[in-house]
Structures are given as structure tokens and as C-alpha cells.
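K.L.:
First the structure, then my questions, so here it is.
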């Protein structure tokens, strides 16, 4: 049995959590707290890195104290302390990294520097039915849209990706276009509930292959964003009031269609019977319902991260750290820094005596 304190400050959510992993692989979230900066950044239409870093410094100490007290543990009783160290906003990442390394050194605990995307992949382990590899992961968030095959030995292979905007980024930009505010995902979902998703025909962006045809698993959302812009411009020439509900529903539907169709095709083509969906956009109701229904029709078992752990949180970072501890991974060097970008398939390099950054 292992227990960890986990910290997350990669973007605009300050978070801390304490988790415990049982011998049979079950993970208990003993305490989890998040301090969101959404309202403050909404004034600017997006995340302001300097503001995010300052708010993390203010919020994180109180969050750590709260989760440790709620979990009924002391830092000295934990097996390790974990923090996100890549990818993300460099200044924001430093807050969790420095805090985690300092606490680990003071209490003589191992430190685990976790890849943020590995945390998202581990978030499905916080549900009722932990997944056993092999399975295909659709990671769909504000910064990433990727299809990742997780092998039985834990190895990860990327089979599909977005070549421009991530799905979550497209939601934010279209929400801004429609005057719906930030963050875009929840704003569009709320307005789309009463809309006609078939009113506007929008493109399902595809990526051309050099020899002809299209890549079956890759994504492109920039063309969809442009199509929405042109549709709105045309409507404004003919009406004083935009049909916001229909526009939002049509956009939301085409994003869901693209993600579901290409993900399930990828799983079927690779003979994978399990598909896991994680990331902030995985909280979207239309996408969740469509993925579950169509997966069932095609005989592919679909698991989705619990709603509470779809968006950025520390529990998912703790889950990833616990899985590393279960694999007897080495700890992260106290000399390690942070990196705004780092490939997920090189996450093992974070657990070596010589840090990659």
C-alpha cells in the first residue's frame, strides 16, 4: 500500500490531493482540493501566465495544509510527494515543483515529477472500474487532442493527434467568437442544450496524406473555426440576433462526431476492445453520450474519467505517481527543473538520476 501527496499548478488551477493505492490496484482519493482562477482570467478572455503564477503561490500552501488535515496523515507518513513538472506554463509549473521538492527534502520523502498528460491518462483509474491494458486513450483537453495506445507493458504509442488547434482550444475560440465567455467548453455546452445541432453544416477537418487520401486518425480544428467565423459573419449581414443556441449545438455536434468516429475507428483497426476518454473536454455531455452509445454499438467498451477528475486536478497527478511507485520507478532528482514542453513518450526520463531539464 502506498500513499502520496500530489500537487498541480501547470495552468490556471491550483490543486493538492492525498491518495492511497491498495495492493489490488484500487486507488482511494483521501482528500482533493482545487482553487480555480477561472473568474479572474475570464476578464482577459484567457489565461494570463503571470497572474496564474502569483495566484498559485498564494493558494498552494493552504491547499496542502487542508488536504493533509482532511486525509488524517502527516507528511512523514507518506511514501512520496509528487508534482507536475511538465508540460505547462513554466512559471506556474515552478510553484508546484519547488513546493513539492522542498516538502520532500524537509520530510525526507522521495519526490516524483509527473508528466501532466500522464496524469490525465491515469485519471480513469480514479473511477469505479480501473482499466487494464491494452487500451486506446483519447486525450482531449485545452492543449492536446491525441489518440494513445497503452500496451500491456505500460508502453505508450501515439496513433493520432491534432495538427493545429486542440479541441478544447477550438471551444475557447468559438465561444469568444459567439460572445459566450471563458472557458469555452462549459459556455458552449450550456447554450447548445436548446439548439438545433443540424441547422448548420460544418466541416470535419481532415489531414491529407502525401500519397493521397487522408490520415484516418488525425484531427484538424482550424478549418472548423474558420467556417464558424464565416457563418457568423454571413448571419450578421442578414439578422440582428445570432441564433446562438443553434450555432453552439452545430459546432459541439461536429466536434463530438469527429472525436468519436476517429477514435472508435482507431480502436477497431488496432484490435483494441477498450477505449478510455480523459481530459477537460471529456466532461462535455454530448461527447460522453455519443462515445458511450457508439462504442456500445461497435462492441468497444468505453470508460470515461469521472467528471470531477476530467479538468486539471491533483488527484490525477497522484494516481500517476502511485502507478509509478507500483512499478518500482526511481524517484525524480531534486535537481530537476520544469519544462513547458516534453514528449509523453519520453516521460520515463523524468525518473532518472540525471534530469533532462
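Quick reminder: no glycine exception, Cβ is built from N, Cα and C everywhere.
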K.L.:
Among 269, 312, 345, which residue does Swiss-Prot annotate as binding Fe cation together with 116, 120?
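P.N.:
Among 269, 312, 345, only 312 appears alongside 116, 120 as Fe cation-binding in Swiss-Prot.
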K.L.:
Would you identify which residue of 119, 185, 271, 299 Swiss-Prot lists as part of the substrate site it also attributes to 139, 140, 141, 142, 143, 172, 284?
P.N.:
185
K.L.:
Can you give me the same-chain residues 6 or more apart in sequence from residue 142 (substrate binding site) with a CB-CB distance under 8 Å?
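P.N.:
Listed in sequence order, they are 11, 166, 168, 169, 171, 172, 183, 280, 281.
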K.L.:
Between C-alpha atoms, which of these binding-site residues comes nearest to residue 185 (substrate binding site): 116, 120, 312?
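P.N.:
Sorting the binding-site residues by distance from residue 185 (substrate binding site), the top entry is 312.
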K.L.:
Which ones are near residue 116 (Fe cation binding site): of the binding-site residues 139, 140, 141, 143, which have a Cα within 10 Å?
P.N.:
none
K.L.:
Rank the binding-site residues 143, 185 by how many other Cβ atoms lie within 10 Å of each Cβ and give me the one with the fewest.
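P.N.:
Candidates: the binding-site residues 143, 185. Fewest Cβ atoms within 10 Å: 143.
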